[in-house]
Amino acid sequence: MRNFFLYLLIISPIYASNETETTEIFNVIKFTNKSDFTKTLAPGKIDIHYKSLSINDALDLARISISLPNPKDFLVYGKDPIIEMMVSNGRDSLTLNLPVIQNNGDLAWDEGKLLNPLLPNDFGSQKKNKNQPQTLFITVQSRLNVEILYKINIRFLDRSQYVVRWKDGNSTHEYLHQHLTFVKPIGYYINVVEQKMSNLKITLLSEDDICATLVTVPNNLSIYENSDQLEKFERRLTLTRRADVYFSENELSQLTDFRIFVFVNRNDQECDSEAANHRKDQNRAKKLSFFFEKIDKSSYFLPISVMFLVFLAPIFGVAGYFWMTKVNKIIIRSGGSGILIQLNNSSDIENSTAPELPELPEVEEFPTQPNLLQSSMLKYPLAIILPIFMHAISEYHKFTQTSMANRDEICFHNLACAKPFWEFRAFNNILSNFGYFVCGSVFVGFTLVKKGQMPKNSGVYDCSDLDVLIGFLLVLQSIGSSAYHICPNVLAFQFDTPCIQIISCLIIIRQSIIRHKSPSPHISNAIFVGVFAANFAISALASWIFVRFAIAIFHFSTIFAIIRWKLRETEHFLVFSAIFGILNAVLALTYLIFTKIVHLNHILTFLTIFNCTAYLLYYTLMKIWKNEEILKKTAIFGGLAVVFWGFAMVFYLQGDIDWTISPAKSRALNKPCLIFDFFGSHDMWHVFSAFATLFTFFYVSLVDDNLSNVPRNCLNVF
């Protein structure tokens with residue numbers, strides 16, 4: 001940007017050498033506080049507008065714009081600038097050129113900017129009462145040798161209109177229904193030291209169809225200049241109907257004072273790529289309300305304590321379950337001993353004869369390695385835990401090293417309910433993932449204790465090692481989800497979802513073979529490789545136009561293979577296979593047709609969860625049809641799973657963020673916290689889905705406990 005005073009220095013010899021020539025070139029015009037004036041720039045002339053500024057004008061923000069009322073007269077001159085306006089008050093300067101080339105290639109014939117105000121000390125010493133006036137200069141010149149009609153709009157915002165000050169005892173300050181257009185942006189000034197604030201939250205709300213950009217910048221820097229210092233402190237984000245901006249204590253400590261500017265964008269595509277090419281009514285005033293809230297240092301002790309107490313429930317619940325089981329066994333054993341004593345004392349026992357039993361061939365014992373399967377399966381979580389931690393570290397590094405502007409545009413946080421801690425923008429979303437860690441660990445412990453109590457030669461086959469693997473995967477899910485919430489976006493989303501996909505597939509395999517044989521590590525190996533390969537392929541081919549059709553082909557090939565395999569095992573699967581195939585066809589049509597609703601990265605997760613749910617429902621219905629008893633405790637866990645999944649889905653569908661759309665549209669979805677001013681709807685999704693997952697695991701683990709005494713060759717196969 002050119003400095004106006006350097007410009008005056010260059011032309012000053014003209015004044016000294018030839019006063020007549022100067023008079024012919026320059027047209028000096030003094031303007032008053034009138035906000036609009038229209039002038040005609042003569043060929044070869046330079047218009048200089050000036051206004052004297054006094055101490056009363058200190059800290060007053062100037063909003064200046066220029067427009068050409070008759071743009072059609074200049075279309076023949078192409079897209080290069082034909083008129084230039086330079087503005088300076090001695091402290092700040094800016095340049096405006098017309099026409100402006102928009103992102104879509106169209107030309108705009110008006111432009112407006114904000115000029116930082118003078119400070120009181122710019123007018124001399126106030127103690128000596130010797131205030132020196134300052135001058136605001138505006139020069140207008142053109143490269144064309146034709147008359148140009150131009151219009152200048154100047155509005156001075158008094159300090160009381162934009163300097164944010166909180167009254168004693170108040171923590172909030174609001175400016176309702178502020179009007180702004182593209183050529184009339186708005187700005188506010190905040191003195192951090194004077195207002196004695198530790199944390200600050202700014203909320204912007206609008207009921208209009210608006211696309212705007214919010215910029216925050218230190219007071220001593222201009223938003224129109226590029227510098228390393230500006231990049232370090234500047235925050236820049238787009239918004240539509242809502243935006244929340246949070247400044248932590250660490251960020252405010254680096255700023256003595258700063259300004260907040262909001263500009264209406266000419267092109268709605270900056271907020272929504274599917275919007276029209278340009279705004280038809282871009283000069284129509286938009287209303288925007290500002291809410292400034294000082295946030296004192298608050299303790300997270302209460303919500304965190306309540307959360308940990310809630311997650312202690314499954315630990316005590318499982319401990320109580322095994323204690324009651326042990327007590328019941330002691331009671332049964334004691335009752336059995338009494339009966340045995342009575343039988344031994346009976347006089348009839350001497351006269352009784354033992355029934356003749358047929359001779360049975362000796363069962364050949366094969367050497368077994370009980371820890372082989374477990375050690376093979378446990379290699380998988382150990383193999384993927386390192387990449388998860390590496391991903392978390394890389395995400396944290398990327399989050400802390402990028403500029404604040406990038407951070408606001410690439411991370412899709414619910415800033416209306418984002419509780420920061422250290423460098424984490426939404427610590428509450430990270431912390432609420434602890435539920436998955438607890439529930440996964442509880443299920444692992446539950447499985448290991450139960451493993452020693454299972455009969456070896458009756459009932460369904462032992463899947464304890466597979467259950468332990470499933471529990472470990474839920475623990476890894478908590479780590480992956482926490483890494484995702486460091487900076488939620490489309491790439492981070494793909495890291496924790498493979499754990500969900502693998503868990504769903506393992507449950508399907510578990511219930512499919514539990515009545516036939518114990519699971520093989522080779523099956524788990526194939527699932528791990530298949531899931532990670534599918535995710536990699538989807539990411540690599542995301543830009544390919546036929547990628548969804550390729551997914552559909554893979555989808556139906558897998559479903560066909562499963563149906564064919566099951567039909568070979570049992571004829572009961574025939575009816576369900578028809579329903580199963582129809583539902584998957586509907587699901588495939590959904591992600592093929594509604595591409596804007598079902599994101600590409602969602603497809604694999606939806607498919608695995610849907611088919612896992614469908615197969616568990618089929619398994620339960622088959623048990624009922626075969627008159628197999630479902631124990632009371634199993635039914636309770638199944639009912640709790642359904643109830644908690646219902647509540648979890650209610651919170652999940654609240655949709656307080658959406659990285660499948662633009663950052664501006666996602667901010668419009670942000671919603672305030674629901675509980676303790678700490679937990680939002682997504683946190684409640686974490687909590688309820690963690691418990692729902694645990695209850696589902698319990699149901700799957702216990703659903704066949706009624707068959708523990710049934711010989712395996714007598715089991716129903718379905």
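Cβ coordinates come from backbone N, Cα and C, glycine included.
Straight from TrEMBL, the features:
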- 1-16: signal peptide (SIGNAL)
- 300-324: transmembrane segment (TRANSMEM)
- 430-449: transmembrane segment (TRANSMEM)
- 469-486: transmembrane segment (TRANSMEM)
- 521-538: transmembrane segment (TRANSMEM)
- 544-563: transmembrane segment (TRANSMEM)
- 575-594: transmembrane segment (TRANSMEM)
- 600-622: transmembrane segment (TRANSMEM)
- 634-653: transmembrane segment (TRANSMEM)
- 684-703: transmembrane segment (TRANSMEM)
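Among 430-449, 544-563, 634-653, 544-563 has the largest number of CB pairs under 8 A with the transmembrane segment (600-622). Tertiary proximity for the transmembrane segment (430-449) is limited to same-chain residues at least six positions away from its ends with a CB under 8 Å from its CB atoms, namely 304, 307-308, 311, 314-315, 318, 322, 424, 464, 467-468, 470-479, 481-482, 485-486, 679, 682-683, 686-687, 690-691, 693-694, 697-698, 701. Taking Cβ pairs closer than 8 Å, the transmembrane segment (300-324) reaches residues 419, 421, 427-428, 431-432, 434-435, 438-439, 442, 445-446, 449, 633, 675-676, 678-679, 687, 690-691, 694 in its own chain, all 6 or more past its ends.
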